[in-house]
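If you look up Swiss-Prot, you'll see CYS28-CYS63, CYS103-CYS119, CYS433-CYS560, CYS457-CYS473, CYS512-CYS545, CYS659-CYS688, CYS722-CYS744, CYS729-CYS764, CYS774-CYS783, CYS777-CYS790, CYS792-CYS826, CYS798-CYS819 (among others) marked as disulfide bond. Sequence annotations record features per position, and here Swiss-Prot assigns domain 'TSP type-1 1' to 27-80. Look at Swiss-Prot and you will find 122-456 tagged as domain 'MACPF', backed by sequence analysis. According to Swiss-Prot, the domain 'Sushi 1' annotation covers 569-628, on the basis of sequence analysis. According to Swiss-Prot, the domain 'Sushi 2' annotation covers 629-690. According to Swiss-Prot, the feature N-linked glycosylation site maps to ASN124, ASN201, ASN755. Per Swiss-Prot, region 'CCP 2' is recorded for 616-693. Taken from Swiss-Prot, the feature region 'Factor I module (FIM) 2' covers 772-844. Taken from Swiss-Prot, the feature signal peptide covers 1-22, and the record attributes it to sequence analysis.
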Amino acid sequence: MQVTSLLILVCFIAAFQVFSRASSPVNCKWDSYGPWSECNGCTKTQTRRRSVAVYGQYGGYPCEGSAFETQSCKPERGCPTEEGCGDRFRCFSGQCISKSLVCNGDPDCEEDGADEDKCENVANPSCNIDKPPPNIELTGYGYNVVTGQGKKRVINTKSFGGQCRKVFSGDGKDFYRLSGNILSYTFQVKVDNDFNYEFYNSSWSYIKHTSTEQNTFYSWKGLFSHSRNTYGHGSAKEEIDTKMKSYKLLVVQNTVEVAQFTNNNPEFLQVAEPFWKELSHLPTLYDYSAYRRLIDQYGTHYLQSGSLGGEYRVLFYVDSGSAKETGFQSDQDNACSSADFQFLFTSSADQRCMKQLETEKSTSGNKGRLLRGKPLVRGGDSGFVADLSFLDLDNPAGNKQRYSSWAGSVTRLPQVIKEKLAPLYELVKEVPCASVKRLYLKRAIEEYFDEFDPCHCRPCQNGGLAIVVETQCQCLCKPYTFGSACEQGVLVGDQAGGVDGGWNCWSSWSPCVQGKRTRSRECNNPPPRDDGKSCLGETTESKQCEDQDLEKLRLLEPHCFHSSLAPKEFCLSPPALKDGFVQGEGTMVPVGQSVVYACDEGYSLIGDPVARCGEDLQWLVGEMHCQKLACVLPGEMNGMQSHPQKPFYMVGEKVTLSCVGGMSLEGPSTLLCGSSLKWSPELKDAKCVQKATSTPPPAAPACQPWEKLQNSKCICKMPYECGSSLDVCARDESRNKILSLTICKMHVVHCHKRNYTLVGKESCTLPSPAEKVCGACPIWSKCDAQNGKCICREASECQTAGYRICVEVNGKEETMSECEAGILRCRGQSISITAIKPCAEEAAQ
């Protein structure tokens, strides 16, 4: 990838700069430490961080020591990984996976294999092959676009996700099984036999050209950093001699591809277990220090797609002044094309370009017939890299052989090249308060980028470009200029002229005024002068006082926010709307917040759908009503069913009626939706009646809810056949172990003669109520069609009652259905289930 090579190039360029006495060195200085973070309930530690107050520049020293400090502490909150997983399987680590992956023959719990730990046997293994493609783990690493380096693994490349997808190896000798996180994987070797050769009259030109080709947001924010993956040769004396010079560049490059891959969409990716743990440990109160540590370990992005292979790139440099004296000019003057330089690897030579390279060789201090450069190589055996640092002008076959040796090793030791990236915050999921943490990680990455904004640097002279490298600022100089501040040399040609302006850093955000905050910046780093260009962009910026996304999450997930930040005053439930409802309605809404109304299916809202909670705790509601648009059938049809079944029917549509359960229909069998939005004939004229039979069939036995009918007999259900049911704590008396069950499962295990006793809810950790999507609503909630999520039912809306149980509410026991109890719990009311059957008084009647 070009970004990485540019990162390494800057390190290479920095090695050949010298800091002139004309610019006084500026040493890096740390700012004071910030406050300690909240004590982490999992690690029992807290951290604090200090930022750079003054970046080192002009040869000054970098900051010493770490930006972070850690100490042990006593947490006030528990560890999120100790919580339950609802209806999913919980690995020993705390990570949750789908129950469909349990006992399928594949260890989908990445670190402990708990999903296969207690399986007596696996009747049908999900696949007959378990070998993944070689080096597949490379596709799951994080990536830091600021440093240009790969980081720790963020995607679980070992999980097959219960799938059996195979791919044939490139050499046709073997099959491999693909990870469930891989969308596509192809073994296709691509070797470009034609090398690419490019001349640049300065490192400045090279950076400008390559960043323009990248055309990405990070072209300037993420191009500059030290890298330890480069290989250089030459003594300290040679480096000191060359630091006082300005250079031209010849870049020779090529790539080798072994395989191509595309990762799945983020919502379908299973994150690596160590990364998942770190996400779980992140605080729900924004603390940049904690999120910054995650960025340091796992990067800013993850791999969306790319190739496994190797990249060969060598930079050859020539002193600009010597080149001018000896007649070696830029490619515009001597016009050596890529084809003209093939003589470096083939026997056919171009004398004009040979002379050009001989000039470069002599001016850059190379002796004999060897042309030395700086190899920037990714992939392949590192033992071959030293041989790639030079070209023998008299032995093109030897040059090609050394390259071929390295290229041949790429199949064994590939790296990811030609990668496409996606933001890391997309992978924040399957942890408590994931939506809040995702928003905070996005904010932290933006703040991290700001740390490397060149606005922190002092201006470079002669139009040089200031860049941030770790805790130091460096100047990238224009052609024929050099020095620590680019103060030496002379600008020539179209580079000469005035000084363009540069932005200073943004100010802090102002206090909140009329619902908005503002900040500003100045074009004075440096200010434009001598007809130089002014800065592009705005001098001021404004935003809402409260992040709208954060405010929405504060309502949907109030448990994710510190109690001191919670609103203190609320309006009661908003007024009801006939044939309509409030989207995402809670029991209480904070002052200043708004709710939005919507209409039932078959109705359209006329008027202003927004109501606001006023400061007087009264609802400010405009005129609105729901207007009927179609014919609607009632929810209860007394044994009748309709075909086709639809939420509503437009004018002219017909519906056919029939009866269920051996009943026969009396009255009209077909209804028409008329122009008045009424059924013709009327639905009340149709009804279902019992058929007269001479010999009624023998009645099937009436099974209990925890039983099922099999071969005309009632037998006990299995626990996995239970549907939606309330969670309770139960003690297994045979093992004296307390665990979480549901009311349905307790009835089932009792049916199987297992001795389980109901205990208090404080005796175990019950699964936290997770937000459900439509299609998975429990019996005490219903689907909100507007946002596709489940909301609490009203007590009168219970369609499936569940078991009759004994519940203590406000200190008094009463018998109610699971649905009724679930509605109370859904609405936040504290209840205690004292018996899984009706209360003793009612049971005795």
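One-based numbering along the chain as shown.
Each residue, glycine too, has its Cβ placed from N, Cα and C.
Projection of Swiss-Prot feature records onto the structure.
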residue	record	DSSP (3 states)
CYS28	disulfide bond	coil
CYS119	disulfide bond	coil
CYS433	disulfide bond	coil
CYS473	disulfide bond	strand
CYS688	disulfide bond	strand
CYS744	disulfide bond	helix
ASN755	N-linked glycosylation site	coil
CYS777	disulfide bond	coil
CYS790	disulfide bond	strand
CYS798	disulfide bond	coil
Report summary line: DSSP assigns the residues of the region 'Factor I module (FIM) 2' (772-844) as 17 helix, 25 strand, 31 coil
Report summary line: CA pair CYS103 (disulfide bond) / CYS722 (disulfide bond), Å rounded to integer, equals 19
Report summary line: Keeping only the disulfide-bonded residues of CYS119, CYS659, CYS729, CYS744, CYS764 whose C-alpha lies within 10 A of that of CYS792 (disulfide bond) yields none
Query - Model confidence over the domain 'Sushi 1' (569-628), averaged pLDDT - result: 78
Report task. Do me a favour and check the Cα-Cα span between CYS560 (disulfide bond) and CYS826 (disulfide bond); whole Å is fine. Result -> 17
Query raised in the report: Under DSSP, the region 'CCP 2' (616-693) has how many residues in helix, strand and coil?
Result: 3 helix, 34 strand, 41 coil
Query - disulfide-bonded residues (CYS798, CYS819), the one with most neighbouring Cβ atoms at 10 Å - result: CYS819
Query raised in the report: Here the disulfide-bonded residues are CYS63, CYS119; which one has the lowest number of other Cβ atoms no more than 10 Å from its Cβ?
Result: CYS119
Report summary line: According to DSSP, CYS103 (disulfide bond) sits in coil
**Report entry** Between CYS63 (disulfide bond) and CYS457 (disulfide bond), the C-alpha gap once rounded to whole angstrom
**Finding:** 15
Query raised in the report: Does DSSP give CYS457 (disulfide bond) helix, strand or coil?
Result: coil
Requested in this report: Using C-alpha positions only, work out which of the disulfide-bonded residues CYS457, CYS659, CYS783, CYS790 is nearest to ASN755 (N-linked glycosylation site).
Outcome: CYS790
Query raised in the report: Three states by DSSP: which one describes CYS729 (disulfide bond)?
Result: strand
Query raised in the report: Where does ASN201 (N-linked glycosylation site) sit in DSSP terms: helix, strand, or coil?
Result: coil
Report summary line: CA pair CYS722 (disulfide bond) / ASN201 (N-linked glycosylation site), Å rounded to integer, equals 74
Report summary line: Rounded Cα distance in angstrom between CYS473 (disulfide bond) and CYS798 (disulfide bond) is 66
